[in-house]
Amino acid sequence: MARIIALDGAQGEGGGQILRSALSLSMITGQPFEMSDIRAGRAKPGLLRQHLTAVRAATEICGAQVNGDELGSQQLRFTPGPIRGGEYRFAIGSAGSCMLVLQTVLPALWFADGSSRVEVHGGTHNQAAPSADFICRVWEPLLARMGISQRTTLIKHGFYPAGGGAAATVVEPATSLRGLTLISRGETLRTTAEALLAAVPYHVGEREVATLEAHFPLAEKNVVALEGGCGPGNALLLMIQSEQLTELFAAFGVKGTSAEAVANQVAHEARRYLASPAAVGEHLADQLILPLALAGEGAFTVARASAHLLTNIAVVERFLPVRFSCEATESGYLVRVSD
């Protein structure tokens with residue numbers, strides 16, 4: 001029987017990414033794990049609906065044996081079986097992030113025995129998670145360059161707190177993974193903005209986009225009034241397309257916060273990214289660790305080595321025979337993986 005990997009859910013930033021990465025890696029490597037103090041660093045520790053859905057999705061996809069899969073649990077033991085391609089559908093039952101559930105199981109399905117389609121219902125545009133737009137426009141184009149065939153479709157927008165959204169991903173098994181090197185982003189080619197409105201006055205989106213345009217020359221700007229009862233909700237997206245990659249920055253409207261304040265939040269993050277020569281933004285850096293580790297090679301530059309990034313690296317190194325280096329440079333950090 002494979003050795004059980006013991007993980008401390010309180011390590012590093014103590015969030016849900018430790019659990020999600022462990023589930024992905026356990027399925028891929030066949031190594032069981034047990035985790036204590038799940039999400040100990042959060043105001044509400046233990047498994048919330050989104051995390052529980054990720055556990056149960058992973059369990060179904062690989063026929064795992066699992067103990068501790070209940071709301072609020074801070075302990076989990078997960079023993080994986082073989083990864084099975086197929087049609088899967090999961091419902092979070094709240095506005096929890098569909099994208100984080102998908103990002104838990106999709107890496108395993110890159111190694112499945114056949115094609116898969118995974119549909120998840122919940123939130124698609126959440127404050128503390130990658131949006132559906134980030135997955136489709138930023139993450140998946142980079143995965144394609146690594147040899148991964150995966151396409152996510154946004155079925156219906158879902159905002160906090162109502163949820164009610166859905167997204168589906170079709171994924172093919174990967175024959176091999178190529179490394180990816182992102183040292184310089186190159187010249188900025190195009191900057192676009194999009195305001196999404198669900199049961200929110202149209203002028204809110206107009207003001208958000210106008211405020212962004214005062215900061216950046218926009219090649220394209222859109223205000224999209226969503227229909228179908230998916231609100232209330234508001235998201236402002238700024239896409240920066242460079243020669244080597246596209247980055248996306250987002251902020252979400254909340255009651256009591258002006259449209260101008262939402263736009264200024266996005267502008268602040270984007271300006272901070274553009275002020276550094278680093279290729280990759282802080283959040284995208286987190287999303288690249290697992291695929292690069294699975295490829296066994298790759299490198300990128302990032303302005304800041306966050307606790308989230310370093311914690312994710314530590315978890316990956318427990319499961320895979322790879323080593324990451326995170327070297328400080330004059331303009332940030334060079335992150336490199338080798339086997």
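The backbone N, Cα and C atoms fix where each Cβ goes, and this holds for glycine too.
In sequence order, G12, E13, G15, Q17, D286 constitute the residues six or more apart from H308 (active site, tele-AMP-histidine intermediate) in its chain with CB-CB distances below 8 Å. DSSP assigns H308 (active site, tele-AMP-histidine intermediate) to a helix in the three-state reduction. Taken from Swiss-Prot, the feature active site, tele-AMP-histidine intermediate covers H308.
Secondary structure at D286 (ATP binding site), taken from DSSP and collapsed to helix, strand or coil, is helix. Neighbour count (other Cβ atoms within 10 Å of the Cβ, all protein chains): 20 for D286 (ATP binding site). Taken from Swiss-Prot, the feature ATP binding site applies to Q103, H283, L284, A285, D286, Q287, supported by sequence analysis.
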What's the number of neighbouring CB atoms sitting within 10 A of the CB on Q103 (ATP binding site)?
22
Tell me which residues of the chain lie with their Cβ under 8 angstroms from that of A285 (ATP binding site), as long as they are six or more apart in sequence?
F300, V302, S306, L309, V335
